[in-house]
């Protein structure tokens, strides 16, 4: 039975060094988030087959690989978001706002995809643990049972000898079952380690969202401060123009008064000379 390709959810490695600019990181993160969501949907589909007739070692192997590769994709996206936060901001305040909004939207999408993935991870872990519990409970012979029955065995009849051989066959089957149980327990430990990784990613994401909010507040404060400075400069220019106009008016009055005084003096001198 085919369970779908696993490589489609892995981020294809670049053939060479890629430019780490804002837009390329945004694009890579968006693609990763989409793949995480797609992988989560397929994990749910595989999980629904656990404990049914479709359950098999191949299904569990695919489920484990898909879950682990998705976890690695989430860790890669987390590192890219950290790198995104370390890029220098553009000079334009409007471009700064636009980039902040893009990052905020991206982190919200990542948080949502990550939350859905972790919910499915926990459900897979619960199902695997239930499966192991059923397998242990259904084991035909425990080690203590075999030891006790071997002590009670008597070879007085051919029939009892056949019964002992049958028990040994059952014990061999049980050993095989126990080996499968050990494999599942190993897979569960890996799954729980991946769940802890996702928990750490959530902590990092919460910190980045907090820093993002502080940065947006800082940008808005700078924009408001610039607007205040512009308003103050405009007010000062208006005042300067007012004072300059007032000064010119005073100058005109002074010139007019001086003109009148000079005229009066000229008239007085002219009259006196006669």
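Positions of Cβ are set from backbone N, Cα and C atoms, glycine also.
For the annotation phosphoserine, the record in Swiss-Prot points to 139 among the listed residues 30, 139, 166.
Checking Swiss-Prot for region 'Disordered' across the ranges 128-147, 168-187, 188-207, 208-227 points to 128-147. Looking at the coiled coil (33-130) alone, the prediction's average pLDDT is 91.
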